[in-house]
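Q: Copying in the features that TrEMBL gives for the protein in this structure:
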REGION    1-229  region 'Pyrophosphorylase'
DOMAIN    5-220  domain 'Nucleotidyl transferase'
BINDING   8-11, Lys22, Gln72, 77-78, 100-102, Gly139, Glu154, Asn169, Asn227, Arg332, Lys350, Tyr365, Asn376  UDP-N-acetyl-alpha-D-glucosamine binding site
BINDING   Asp102, Asn227  Mg(2+) binding site
REGION    230-250  region 'Linker'
REGION    251-463  region 'N-acetyltransferase'
ACT_SITE  His362  active site, proton acceptor
BINDING   Asn385, Tyr386, Ser404, Ala422, Arg439  acetyl-CoA binding site
Amino acid sequence: MNIMGIVLAAGQGKRMKSKLYKVLHKVGGKPMVGHVIDALEQVETQRTIVVVGHGAESVKAYLGDRVEYAMQDQQLGTGHAVLQAESLLGNEEGLTVVLYGDTPLITSESLQEMIRIHCEKDAAATVMTAIMDDPFGLGRIIRNEHGRVSRIVEQKDCNAEEREIKEINSGMYCFSNRKLFDALNKVTNNNSQQEYYLTDVLGILVSQNEIVEAYCTPDAMDTFGVNDRVALSEAERIMRARINRNHMLNGVTLIDPANTYIDADVQIGSDTVVLPGTILKGRTVIGEECLIGPQTEITDSTIADGVQIKQSVLLDAEVGSQSSIGPFAYLRPGAKLGENVKIGDFVEIKNATLADDVKVSHLSYIGDAKIGKNVNFGCGAITVNYDGFNKQLTEVEEDAFIGSNVNLIAPIKIGKGAYVVAGSTITHNVDDNDVAIARERQVNKPGYAEKLRNKFSEKKRRP
């Protein structure tokens, strides 16, 4: 079956009061239009046209070549917007699904069911509808004696009986493609707004004795449209609840779902436990049997099985299985940790590869480094990677020990099994199994502390 999609995304979104193109506002960590395109791709559309307007370059920059584009230079109504795709799709055979770019909660399941009904009933058009407890301001669906759609009546045109109808028009449709564009070319703008309405296509099809069906989605929120920041917040709330529910149904424990924020593209393995205050963003992938949180933010990172991360921030990082991170650790872009690695409190890792069984337990910075297996860093150890002009590499080979308060001045290499004594500032390479010490010899002055106290006390008494 040849299925095509048209996404209307040319609206200026004035009520958003934003410089950002309306459909690029995020819900669930992803621009709204991205959710719509995802749903269309999941029903296997062969071609998708996004109708854009002023500021279209930002939409194109985001969607790239996932879709094709049609330009609506003037905002002359929904019918006019769909008509802009005629040069691309007008001669195609098949079905066309028409959606809005500001409906991020639409699901592929609802689209698939609408398409199924459309094909089963051999309809020219099928409208997605929903039952609303409070349908005020929305177009009502009027059905004939056969249960088919005979017309859609806008709120301002409803009589008393029609205002009691709870079934509303979502603005989402499935059309037989040729019949859509044939009818669109007959739509006029003879109305108070002087616009070309897509809903008029349904009236034209009914007048031609074509079948117009309706699919009433069981979840009215599938049709939720975002027009302002209040609606954006509501869409975010619904999306988060859906995401969290899906993870829990797939074997993930969320201790407090209301205080757990997971983006739409995040993947989590079964038997992982997520504690309150955790934020999982972007395309993060978390393995099985992990313990994440509390108060942890992970973005675009890959976490293997059995990892524990608490009260830490990870960005573009990779963590091997059975590793432990935190509390209060920061893994920056390029941090790649092997298996059974321990990163303790107030440790920062940046653009560094740490092999299996490495321990960096406290108060350390490891940047632009390559660390071998079973290396142990003492408290306060630092790779001094920046010379004022360029970042330099630190290499520490397997089984080496780096004592507390050691500065490794890059570029530098510490050999296998080497031992760097606490408090040293190392500026030269250390060979395998060598001991390196670089600090002043301690000098003790017997009894001198009493002299110092007397001296300082005398100064304090002076006016």
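Each residue, glycine too, has its Cβ placed from N, Cα and C.
Computed from a predicted structure; not experimentally measured.
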Q: Check the Cα-Cα distances from the residue listed as 'active site, proton acceptor' to the binding-site residues Gly101, Asp102, Arg332, Arg439 and tell me which is shortest.
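A: Comparing Cα positions, the candidate nearest the residue listed as 'active site, proton acceptor' turns out to be Arg332.
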Q: Whole-number answer please: how many Å between the C-alpha atoms of Leu8 (UDP-N-acetyl-alpha-D-glucosamine binding site) and Asn227 (Mg(2+) binding site)?
A: 14
Q: State the residues, same chain only, that lie 6 or more residues beyond the ends of the region 'Linker' (230-250) and have a CB under 8 A from a CB inside it; answer 'none' if no residue qualifies.
A: 16, 25, 27-28, 32, 104-105, 221, 224, 257, 260-264, 266, 268, 270
Q: Determine how many residues of the region 'Linker' (230-250) DSSP places in helix, in strand and in coil.
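A: For that range the per-state counts are 20 helix, 0 strand, 1 coil.
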Q: On a C-alpha basis, identify the one among Gly101, Glu154, Asn227, Asn376 that is nearest to Asn385 (acetyl-CoA binding site); the candidates are the binding-site residues.
A: Asn376
Q: Indicate the candidate from Arg332, His362, Arg439 with the smallest number of other Cβ atoms within 10 Å of its Cβ, considering only these recorded positions.
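A: Selected from the recorded positions Arg332, His362, Arg439 on minimum Cβ neighbours within 10 Å: Arg439.
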Q: Please report the number of other Cβ atoms within 10 Å of the Cβ of Leu8 (UDP-N-acetyl-alpha-D-glucosamine binding site).
A: 27
Q: For Asn385 (acetyl-CoA binding site), just count the other CB atoms lying within 10 A of its CB, please.
A: 23
Q: Pick out which of the binding-site residues Gly11, Gly77, Gly101 has the most other Cβ atoms within 10 Å of its own Cβ.
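A: Ranked by Cβ atoms within 10 Å, first place goes to Gly101.
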Q: Given the binding-site residues Asp102, Glu154, and counting only Cβ atoms in the protein chains shown, which has the most within 10 Å of its Cβ?
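A: The residue with the densest Cβ neighbourhood is Asp102.
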